[in-house]
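Per Swiss-Prot, the feature UDP-N-acetyl-alpha-D-glucosamine binding site maps to T13, G14, G15, N125, R161, S189, I241, A260, L261, T262, V263, C264, E265, Q285; the stated evidence is sequence analysis.
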Amino acid sequence: MKNKKLLVMAGGTGGHVFPAIAVAQTLQKQEWDICWLGTKDRMEAQLVPKYGIPIRFIQISGLRGKGIKALLNAPFAIFRAVLQAKKIIQEEKPDAVLGMGGYVSGPAGVAAKLCGVPIILHEQNAIAGLTNKLLGKIATCVLQAFPTAFPHAEVVGNPVREDLFEMPNPDIRFSDREEKLRVLVVGGSQGARVLNHTLPKVVAQLADKLELRHQVGKGAVEEVSQLYGENLEQVKITEFIDNMAEAYAWADVVICRSGALTVCEIAAVGVAAIFVPFQHKDRQQYLNAKYLSDVDAAKIIEQADLTPEMLVNYLKNLTRENLLQMALKAKTMSMPNAAQRVAEVIKQYSN
């Protein structure tokens, strides 16, 4: 008997791609075939094949910040992308499609509807992106990570890597910690220059109280090392951290952006956080961060308000007991079965 097949529509950023990979891997273990639809010039083109998943491409890009010519051409570009996606869907014959966001899922979702293939949507953020808002009207089933994106969609959490849930619980991790507070600073793929420039000034005032790991992003190690100056021995600086689960588990508190995936990873491990949301016009990251700050598992500092002095005052007053309580609250907000639940819904609605 032929295996069932899922076509994944996701691309652009890790926040869309990594949760989709987690769902794909769950279904692969259940003898499903997976095919991916993306764009050639975004991260999925390099990343997805590393997981042994075949990928096909359509031509589409975002319109935000583009000139008038691009806007005038947009209807033709979208129509062309729908036709390209329709051809691929007719060739691949999937039993269901999973839309996880990114430009690619718009035209691909319309093509799936035209081909009569069930559409399962998953919204990773606390506020729905434009593509998912539109696709939500034609989708067979809509799922969401946070309870605020769609009024009646099932809340399943964000599918995150299994190794995050395998870390020891916060009370076990904290049981033998007596030395300096451990601070993990994650600039993320957007670099978060604001964190790279602020933290060296914080450490200059609190060097005797903090031990830092700082992920600075691509090409920033030398510049940030110079900013730390004489306090460099208190800090472990890296471009990227390969084992994020271990890094989160090492930390007493994480200072980072609040992309949807990051918020759910922090909940999965159970660690306190100071979120500095990226200043997006629809407040996406701020609303993601509220998922944990509303239960006192995290603090939000708006980028406009972030100063070294403010961070020094906040960190100075933190105790390990405070941070353990925050970590335990974060852990209660995690949803360890997200990938499994999305996979179940796909199986339920598939042709």
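Quick reminder: no glycine exception, Cβ is built from N, Cα and C everywhere.
Features recorded in Swiss-Prot, as mapped to the structure shown.
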residue : record                                        : CB count, 10 Å
T13     : UDP-N-acetyl-alpha-D-glucosamine binding site : 19
G15     : UDP-N-acetyl-alpha-D-glucosamine binding site : 23
R161    : UDP-N-acetyl-alpha-D-glucosamine binding site : 18
I241    : UDP-N-acetyl-alpha-D-glucosamine binding site : 16
L261    : UDP-N-acetyl-alpha-D-glucosamine binding site : 24
V263    : UDP-N-acetyl-alpha-D-glucosamine binding site : 32
E265    : UDP-N-acetyl-alpha-D-glucosamine binding site : 23
Can you check what DSSP calls G15 (UDP-N-acetyl-alpha-D-glucosamine binding site), collapsed to helix, strand or coil?
helix
